[in-house]
Amino acid sequence: MVATLANLNFPYLILSACLSAILLSRFLPFTRRDRRPTAKGCLPEPRVFQWDVFFGLDIPISQGRALQQNRYLEWLRDLHASMPRTKTFSVNFGGYRWIYSIEPEILKAVYATNFQDFGVEPIRQHPPGFKPFAEKGVSTSDGEDWAFSRSLIKPFFERSVYVSTDRVKPFADKFLTFIPEDGETFDIQPLLQRWFLDMTSEFIFGKSQDSMTHPERAEVIWAMADVLRGTRLRAQTYKILWAFNWDWWFKAIEKVHGFLNPYIRSTLAELAERQQRVKEGLPVGEERTDLLWSMATMLPEEEALRSQVCIIFVPNNDTTSIFIAHCLYFLARHPDAWRKLREEVTAVGDAPITFELLRNMKYLNGIMNETHRLIPNNVTQIRSALSDVVLPLGGGPDGKAPLDVRKGDIVSVTKTVMYRDPDRWGADADEYRPERWDGMRGGWHFLPYGGGPRRCPAQMMVQNESGYMLCRLARRYARIEARDKEPYRARMRIGPSSLHGVKIAFYKE
């Protein structure tokens with residue numbers, strides 16, 4: 001035995017011992033949960049059978065492979081299908097308890113009833129899941145930091161801002177000039193991304209990127225896509241970040257920061273100069289009204305400001321454009337739905353397209369809701385338990401008993417499965433049918449923008465912009481045809497987008 005040990009490299013022994021200690025520290029708390037007392041009335045949740053019962057590495061490896069192969073949505077559906085007798089279950093995820101659910105009442109508890117008991121910082125800041133892309137921001141912070149981040153942006157998502165379609169109109173006018181003539185096949189997804197980049201860059205920075213005219217200026221979109229893909233993967237695997245090579249993600253971050261830094265630095269310099277002139281009693285010009293300027297007045301520090309801007313600009317630059325692309329993906333495959341939309345739009349003639357007009361278009365809103373339902377942008381809602389808490393459902397073999405959740409546990413509500421649950425939506429849950437929304441009331445079973453205090457502040461703005469663009473297209477074109485050869489496959493960023501694009505053709509007659 002002594003001779004054998006003597007032949008081993010001592011540093012490797014130390015490394016092996018350290019790794020074993022780390023893995024055991026992850027595994028032992030998970031196994032000891034069954035021996036700790038639980039709250040009165042609570043029952044343990046069902047658990048998924050796993051090959052790696054000790055360290056729980058089979059789930060993150062399987063999940064990571066699904067993300068790389070662009071079949072993450074299918075992976076989630078298969079995972080839930082493997083537990084047909086319950087809507088809530090858990091897995092050992094790298095030695096940690098990860099609770100999956102499609103129960104609306106659990107979503108309500110996490111987002112509203114027990115809001116203070118759940119957070120995102122343990123996932124996105126500790127360990128550094130989103131670093132060096134961003135640290136503190138409205139979607140990475142809890143408590144006072146979150147409240148401050150929300151205060152930075154809240155004025156720009158008030159009713160007086162989101163109800164205006166005047167901001168959207170010139171960009172939509174320009175967008176329509178880039179659509180090919182009748183019957184020509186084109187991919188509308190990247191064009192929508194450039195349209196939205198131009199509009200959001202003016203809204204946030206006060207100056208449009210004008211990438212519709214100059215496509216080369218849209219390169220930052222593809223870097224942002226890689227950043228979003230990486231943040232999604234890191235949010236899902238934040239307990240085992242060490243297991244992956246992140247070089248590609250860091251390179252994408254450098255490109256995005258390189259795009260944002262000139263805007264931020266020039267804004268801070270302009271702000272300092274303006275404040276100095278005011279101090280000296282010198283005249284100043286009209287103050288800027290863009291979001292970055294407003295944020296800089298409250299947070300005049302470059303790195304902290306960049307973190308806040310990254311969290312707002314990068315994820316949101318993908319959301320609206322991809323959502324509209326998904327709406328058109330379905331409409332191109334359902335000509336009756338396009339016909340009904342066009343009838344609703346043409347019924348108002350040439351009336352100005354206002355927020356109130358869009359809100360009253362029932363079929364248009366049914367189309368948007370049905371698209372949110374079938375391809376939700378937020379596929380999962382993930383929170384970390386900040387304290388011990390009892391959820392109203394999830395325990396027992398059928399998931400109907402209360403469930404004891406411990407500090408550090410992860411609760412993940414799978415919206416892409418919940419929104420197709422036949423118990424809630426009927427036997428046609430997988431079918432595209434905008435008519436189902438006629439008279440349907442909302443609730444915790446359908447929250448495309450989240451709920452509770454952390455509900456997306458841009459909800460009405462996204463709906464207004466998306467509805468406006470769909471209305472303009474329906475007013476202009478009599479028909480839309482699908483020209484995709486491939487079935488839909490989701491490529492994950494923060495949310496899913498079509499791996500093969502959205503290839504369509506429009507006809508005016």
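Any Cβ shown, glycine's included, is placed from N, Cα and C.
What Swiss-Prot records for Cys456 is heme binding site, and it gives similarity to another entry as the kind of evidence. Annotation source Swiss-Prot lists N-linked glycosylation site at Asn317, Asn369, Asn378, Asn464, citing sequence analysis. Feature annotation from Swiss-Prot assigns transmembrane segment to 5-27; the stated evidence is sequence analysis.
Shown on the structure are the features that Swiss-Prot records.
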| residue | record | Cβ contacts under 8 Å, 6 or more apart |
| --- | --- | --- |
| Asn317 | N-linked glycosylation site | Gln193, Phe196, Leu197, Thr200, Ile221, Met224 |
| Asn369 | N-linked glycosylation site | Pro434, Trp437, Phe446, Pro448 |
| Asn378 | N-linked glycosylation site | Lys415, Pro448, Gly450, Ile494, Gly495 |
| Cys456 | heme binding site | Tyr449, Gly450, Val462 |
| Asn464 | N-linked glycosylation site | Tyr162, Val163, Thr165, Val168, Phe355, Leu358 |
